[in-house]
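A quick write-up on the structure given underneath.
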Amino acid sequence: MSSASTTTTTQSFVERVQDFVSENKRAIIVGTAAAAIAVGGVVYYASSSRANSDLEKAERRPKDKKKPKKRKSAKDNQPILEEIVPSKVEEEDVVLTAEQIAAMPDKERAEAAASLKTKGNNLYKQRKFAEAVELYTRAIQVASKADPVFYSNRAACYVNMSPPKHELVVHDCDEALKLDSNYVKALNRRAIALEGLERYEESLRDFTAATILDKFQNETAAQSVERVLKKISTHKANEIISSREPRLPSFTFISAYFAAFRPRSLPTLPENPTTGDNTLILALQALEAGDYSHSVVLVNEAVDQGISWGAGEAEALNLRGTFKFLMGDVLGAKADLLQSISLLPSFTQSLVKVASVHMEQGDREKAFECFEEAIRQDPNDADVYYHRGQVLFITNEFEKAAENYQQSMNLDDTFVFSHIQLAVAQYKMGNVANSMATFRRTLTAFPQRSEPPNYYGELLLDQQRFQDAVEKFERAIEIERAKAPPMNVLSLVNKGLALYQWKQDIGAAERCCNEALRIDPECEAAVATIAQLSLQQSNIERAIEMFDRQAELARSEPELINALTYRYASAAQMDFMKNYPDMANQLNQMARTMQM
Ligand SMILES: *[C@@H]1O[C@H](CO)[C@@H](O)[C@H](O)[C@H]1NC(C)=O
């Protein structure tokens with residue numbers, strides 16, 4: 001939810017975590033190995049100009065010294081000059097029986113197979129794919145020693161048939177890769193076929209392996225990784241969203257949301273309150289106590305039971321709509337909030353919340369109309385200016401945002417978030433000195449609040465003033481611990497992050513995040529940080545677990561897609577480590593040396 005109503009600095013937390021750990025998704029795919037290769041500038045393969053045909057030349061991977069070269073390769077390398085007239089060749093061509101083949105010496109069988117392959121290649125170049133298939137099949141039958149190239153070339157024929165025979169491509173590439181797991185061309189071919197079959201996870205596995213084995217030299221394969229990754233994560237995200245029960249976000253998130261509105265006194269009940277009227281009061285009391293799961297049940301009940309007076313009903317619909325909004329039901333929220341306003345046109349809070357709904361729907365103009373209407377209804381409502389500031393902030397209009405925060409503070413300077421957001425907006429405008437001064441004043445004005453030191457710490461961290469940042473986070477943690485539970489654990493996670501950035505102390509960072517999770521198991525920031533730290537340490541299994549958890553906690557579709565992207569990229573990396581342990585070790589070692 002890009003809700004304008006939560007504290008804006010908190011919003012970007014997950015993004016911030018991911019930014020600092022990894023520059024881009026491709027780096028994630030191979031962990032630190034990719035970065036190491038880029039830094040070291042190690043080029044394993046001279047970039048080879050592409051052959052005019054997509055088909056495998058007989059001499060495959062000429063620069064690969066590990067593979068012993070087969071003798072026949074050299075001959076096949078000068079393709080088929082003696083076979084310019086195919087019809088003549090076909091006349092001479094005798095199909096051998098299984099017995100005849102078995103009776104031939106190995107050397108002769110190899111030569112026969114090589115010759116069949118050459119003919120197949122020739123037919124392939126003439127785009128006679130069905131006939132080429134025939135010859136590769138015979139080459140496979142004749143050969144005494146299975147050759148992956150025969151399968152891969154036959155697969156190339158299936159690729160080019162219309163429609164392409166993806167299943168057969170996969171089958172032949174399976175065979176080729178069984179014979180040579182480092183056969184990059186077969187990997188690419190199978191990846192493309194699997195994508196065509198919408199078997200995206202397997203396709204990603206292959207594209208990933210091909211990219212790494214090629215030392216990131218093949219830009220097309222690397223782009224394919226990203227394309228397939230996107231398909232998987234959007235696909236899975238849709239599946240998850242359409243099947244999951246709407247539920248409330250984490251305590252931390254909801255309390256931040258409600259904290260963005262000044263507390264109001266409970267509505268006065270009519271003389272003879274109905275059951276619904278009383279239930280509404282219970283719902284509001286539960287809200288005040290931070291018992292959100294009860295509050296949501298109670299307010300739903302209250303509306304169903306019926307509320308006897310207009311202002312009360314407007315209050316109930318405001319609360320029910322707010323919970324709907326928090327659970328991602330934007331349309332339901334809008335309906336409730338609009339009804340709330342029509343019952344009580346002066347209800348500025350409902351107007352402000354409808355503005356958030358409009359922003360969520362991408363309608364900025366309507367959002368600002370709501371703010372103007374709210375100001376007409378009550379020009380002295382400090383909340384309205386604060387929230388208008390928030391909308392301006394997320395659209396990067398920091399100067400106007402700052403004016404609105406200031407206006408809100410002029411009306412009521414007891415609301416800590418106006419001060420914090422003003423400081424952050426000043427920072428974003430480049431007025432670092434002003435911003436720091438605003439923070440220092442805010443620390444003095446609100447000595448018992450944990451938010452000023454926490455967000456001040458975030459800006460200090462952004463300036464790489466690590467020690468000062470850690471001190472501020474520690475102060476915030478201290479204040480939170482002294483309070484009645486539940487504790488806001490964001491400062492704990494921030495401290496971990498700061499220690500990591502400052503001293504590369506992964507252990508300390510993890511301890512902070514784990515403690516945060518013990519206190520608040522739904523703290524998305526802690527989950528996201530542990531996931532990234534696990535990736536940093538090549539503990540992919542743990543990272544996947546955490547990305548799964550992050551996906552569970554994700555509220556909006558973009559957040560969900562983001563978590564799933566990392567999750568599936570990590571899974572593909574894990575597959576690679578399992579399937580190519582030697583290569584994975586080599587890369588890991590390189591990554592380690594270069595980090596030192
Ligand atoms: C690069 O990757 C693409 C897509 O996977 C593949 O079709 C192509 O053959 C590869 N190019 C080379 C030179 O290996």
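In case you wondered, yes, glycine gets a Cβ from its N, Cα and C as well.
Automatic, uncurated: that is what TrEMBL annotation is.
Residues annotated as compositional bias 'Basic and acidic residues' in TrEMBL: 53-62. Annotated compositional bias 'Basic residues' per TrEMBL: 63-73, in sequence order. Here TrEMBL flags 53-79 as region 'Disordered'. The repeat 'TPR' feature in TrEMBL is assigned to 113-146, 348-381, 382-415, 450-483. The transmembrane segment annotation in TrEMBL covers 27-47.
Taking DSSP states H, G and I as helix and E and B as strand, the repeat 'TPR' (348-381) has 27 helix, 0 strand, 7 coil. Model confidence over the repeat 'TPR' (450-483) stands at 96, taken as the mean pLDDT rounded to a whole number.
Secondary structure of the repeat 'TPR' (382-415) per DSSP, as helix, strand and coil residue counts: 27 helix, 0 strand, 7 coil. Under DSSP, residues within the repeat 'TPR' (113-146) fall into helix, strand and coil as 27 helix, 0 strand, 7 coil.
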